[in-house]
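**Student:** Quick paste from Swiss-Prot:
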{"type": "DISULFID", "residues": "52-75", "note": "disulfide bond"}
{"type": "DISULFID", "residues": "107-143", "note": "disulfide bond"}
{"type": "DISULFID", "residues": "188-260", "note": "disulfide bond"}
{"type": "DISULFID", "residues": "191-284", "note": "disulfide bond"}
{"type": "DISULFID", "residues": "201-306", "note": "disulfide bond"}
{"type": "CARBOHYD", "residues": "103", "note": "N-linked glycosylation site"}
{"type": "SIGNAL", "residues": "1-45", "note": "signal peptide"}
C-alpha cells in the first residue's frame, strides 16, 4: 500500500548507512554520494497484507528508479521475498504483542536459492553484513537482538536479466528462547549446570535416549543426529515419532553445527533444544547420569527452576 510515506521520508533525511570498515568481505556498497542520490530519488512504504510476510518485485518500479523501500511487518514469524531486486529495502520487524526490544531476538534464514542482494544489520548508519549474495550457497541462520538494529537489503549489480529472488524466513522470540541459536553460532562448548537446568524448563523438546547415527552434511555445514528416544518428557511439532516396531520408543533427528564435531557416543543422554524454521536444533545434551547428579544436587538446595520426572 503506497501513500503512507511519512516514516520513509523521515528516513530519507538521514545519511545512508555506512559500509563496514576495512578488512576481508564483499565489495562495499556504492559511494556515499551515489547512495544519497538513491535516497533522494524516492522512498516508499509497503505494508504487508497479512502483517507477517511480504512479497514484491523490482519490475514494478520505473527502469531508472533506485528507490529505498520501507517494509513493515508485525508478527512473530514470516518471510520476505523480493523478485528482481533493484535499489534497497529497509525491513522493519516488530512483534504482534507488546515486548521491549531489548528482550527480543531476531533470527533469519535465507531461502536456499536466494540471490541478487546482500542483507545487512543496520543501526544509526552503520552496516554489518549478515548474508552475502553468493548464488548456490546454503543459507545459514543468523541471529541478533532487535535493539541492535533493523534489516537493510541492498540489490547487487547484475550483468543479465535472469530471474533472481532474494528471500528469507524470520522469527522473533524472547531473548532466552533465542539463546540456543546464539550458542550454536559461537564455538561449540558444553552447557554449564545452570544452562542445563534452565534448558529443561524452556526447551521445545526434552527427551532421554541414545544416538543411533550421525550424518555430516558439509554443503550445509550441519550434522544430523539420529536419535532413539526412550523417554519423551516434552516436545512440540512432533519432532519424534513412535518407532514402527511398536517398542515403546520414538525416533527422530536433530541438527547441530558441523564444526561441533558430533560423533556417535555410547550411553544415554538427555537431549534438549528448540524448533526453528521447522528444524529441531540441539541445545544442551548432557549424559543422563551427569544430569541426574546435577538435578538432585539442585533439588536438595532448592534451586532447580522447574521439575522433571527422573524415573
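Glycine too: its Cβ is placed from the backbone N, Cα and C atoms.
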**Student:** Return the single residue from the disulfide-bonded residues list (52, 107, 143, 188, 201) that has the minimum number of other CB atoms within 10 Å.
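**Tutor:** So among 52, 107, 143, 188, 201, the disulfide-bonded residues given, the one with the fewest Cβ atoms within 10 Å is 188.
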**Student:** Can you count the other CB atoms that lie within 10 A of the CB of residue 284 (disulfide bond)?
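**Tutor:** By my count, 24.
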**Student:** About how far apart, in whole Å, are the alpha carbons (Cα) of residue 188 (disulfide bond) and residue 143 (disulfide bond)?
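**Tutor:** Checking the Cα atoms of residue 188 (disulfide bond) and residue 143 (disulfide bond) gives a distance of 16 Å.
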**Student:** Quick check for the class: what is the C-alpha distance, in angstrom and rounded, between residue 107 (disulfide bond) and residue 75 (disulfide bond)?
**Tutor:** 13
**Student:** I'm trying to understand the geometry here, so how far is the Cα atom of residue 103 (N-linked glycosylation site) from the Cα atom of residue 143 (disulfide bond), in Å to the nearest whole number?
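**Tutor:** Just about 13 Å between their Cα atoms.
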**Student:** Reduce the DSSP letter at residue 75 (disulfide bond) to three states and note it down.
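**Tutor:** The residue in question, residue 75 (disulfide bond), is coil (DSSP, three-state).
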**Student:** Compare the C-alpha of residue 306 (disulfide bond) with the C-alpha of each of the disulfide-bonded residues 52, 75, 143, 260, 284, and give the closest one.
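**Tutor:** Its closest listed neighbour, by Cα, is 284.
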**Student:** To the nearest whole angstrom, state the Cα distance for the pair residue 75 (disulfide bond) and residue 284 (disulfide bond).
**Tutor:** 28
**Student:** With DSSP assignments reduced to helix, strand and coil, which class does residue 284 (disulfide bond) get?
**Tutor:** coil
**Student:** Within 10 angstroms of the C-beta of residue 306 (disulfide bond), what count of other C-beta atoms is obtained when all protein chains are considered?
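**Tutor:** Other Cβ atoms within 10 Å of residue 306 (disulfide bond): 9.
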